[in-house]
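Feature list, courtesy of TrEMBL:
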TRANSMEM  71-89  transmembrane segment
TRANSMEM  101-123  transmembrane segment
TRANSMEM  135-157  transmembrane segment
TRANSMEM  163-180  transmembrane segment
TRANSMEM  187-205  transmembrane segment
TRANSMEM  252-278  transmembrane segment
TRANSMEM  298-319  transmembrane segment
TRANSMEM  340-359  transmembrane segment
Amino acid sequence: MLVERAAAAAAATASITMSGDSDSDVASNSKKFISISVPDQPDAMSPHIRCVEELRVLGINLSAFTKPAQFFICAAGVFVFYLIYGYLQELIFSVEGFKPYGWYLTLVQFAFYSMFGLVELQLTLDKRRRIPWKTYMLIAFLTMCTMGLSNTSLGYLNYPTQVIFKCCKLIPVMIGGVFIQGKRYNIVDVFAALFMTLGLIWFTLADSKVAPNFNMTGIMLISMALCADAVIGNVQEKAMKIHNGSNSEMVLYSYSIGFVYILFGLFFTSGLSSAFAFCSRHIMQTYGYAFMFSMTGYFGISFVLALIKLFGALLAVTVTTGRKAMTIGLSFLFFSKPFSFQYIWSGLLVLIGIMLNIYSKNMDRMNLPSPLYFCHRFLKRETRTMTQIV
């Protein structure tokens, strides 16, 4: 409609100009007219502008779906691919002698991620880098810390313990949201963080009693990984919203730069040769598993980035936390390890924290009452009862 109106206005202006010229040459010479060309077809819009409005994940155009459908597709992708990812990760570290080489696994993983990201970026219409190099340098460093420290911690920790720590990364994400993006959280989110903290402490105490390979070094490594993970979610969300970067661009540049970081680190610490020699003796159990592990992880991270871009970092963390809770059960099912009922009670505390967080995120959308409303009603009823007694 706007194009038609502009064309009609241009035609009217042209007719007035012609009539003015026929009436008086002086009048026509004293006026200056600007010629404006309007494209006839909407396809004249540049491919860059068109692709900005689309969000594709593994070839799926999520922009064509409704918001609930987008959330379901992204959440399903996260669950399916990351459950396989978790199984393969524990399978790799069950190979005898592999536990000291967590950083080398991260190096191989980053190499595969970079190749996958390059292939996906070549299939998109717009191949330009939009996010600045400085931002990618920071994101790559945080990604390296998150995944490298997390992989290395498996050499010291029981796998469910590592996963339960990851379930509680909602706590540092909230802290990062306050300091990085200036977000404010309500009382329900605070209680959610409190329940997660208590469950985490209880789970760790249980693991220290029954797990034969419990080590505080692993606790320190996974804690540092969580701190980096808290920052990276907020930085990614801010960068993708400001610069409108694509998922494939984010994956390619962050992991390729991170690959260079790890390569130099392993080279200067003399950890590259021994890891390469070990993996060369167990090619299928290391590189073969690492390829499948990286492929499922890449597919999973693509859906996570889509969740961050569409719904924000906090909801994305909530979905991935639910997936991790399921991973713990599958770990006890497929791999033999010591078990304690204290794992269940502490896991329930973490689950309560997750449910409180979900409740908090949906209070405004579904017009759910605030917990303060229930407290006010309870206190009002108690006051009324005491008045009647008096």
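Here the Cβ of each residue, glycine as well, is placed from N, Cα and C on the backbone.
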Any contact between the transmembrane segment (163-180) and the transmembrane segment (298-319)? By contact I mean 3+ C-beta pairs closer than 8 Å, pairs at least 6 apart along the chain.
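Between the transmembrane segment (163-180) and the transmembrane segment (298-319), contact is present.
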Out of 71-89, 101-123, 135-157, 187-205, 298-319, which stretch has the largest tally of CB pairs under 8 angstroms to the transmembrane segment (252-278)?
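It is 101-123, which has the most Cβ pairs under 8 Å.
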Sort out the residues at least 6 away from either end of the transmembrane segment (340-359), same chain, that have Cβ-Cβ distances under 8 Å to it, and list them.
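Residues packing against the transmembrane segment (340-359) from afar: 160, 164, 167-168, 170, 188-189, 191-196, 198-203, 205-207, 209-210, 314, 318, 321-322, 325, 328, 368.
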I need to check the long-range neighbours of the transmembrane segment (298-319): which residues 6 or more away from its ends have a CB within less than 8 Å of a CB in the stretch?
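For the transmembrane segment (298-319), the far contacts come to 55, 57-58, 62, 67, 70-71, 73-75, 77-79, 81-82, 85, 112-113, 116-117, 120, 169-170, 173-174, 177, 233-234, 236-237, 240-241, 247-248, 250-251, 354, 357-358, 361.
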Could you give the residue numbers and ranges of same-chain residues that sit at least 6 residues beyond the transmembrane segment (135-157) on either side and whose C-beta is under 8 angstroms from one of its C-beta atoms?
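For the transmembrane segment (135-157), the far contacts come to 89-90, 93, 99-100, 102-103, 105-106, 109-110, 166, 207, 211, 213-215, 217-219, 221-222, 224-225, 228-229, 231-232, 235-236, 239, 243, 250, 253-258, 261-262.
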Mind checking which residues of the chain, 6+ beyond the ends of the transmembrane segment (187-205), have their Cβ under 8 Å from one of its Cβ atoms?
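Distant contacts of the transmembrane segment (187-205): 161, 164-165, 167-168, 170-171, 174, 219, 342-343, 345-354, 356-357, 359-360, 363, 370-372.
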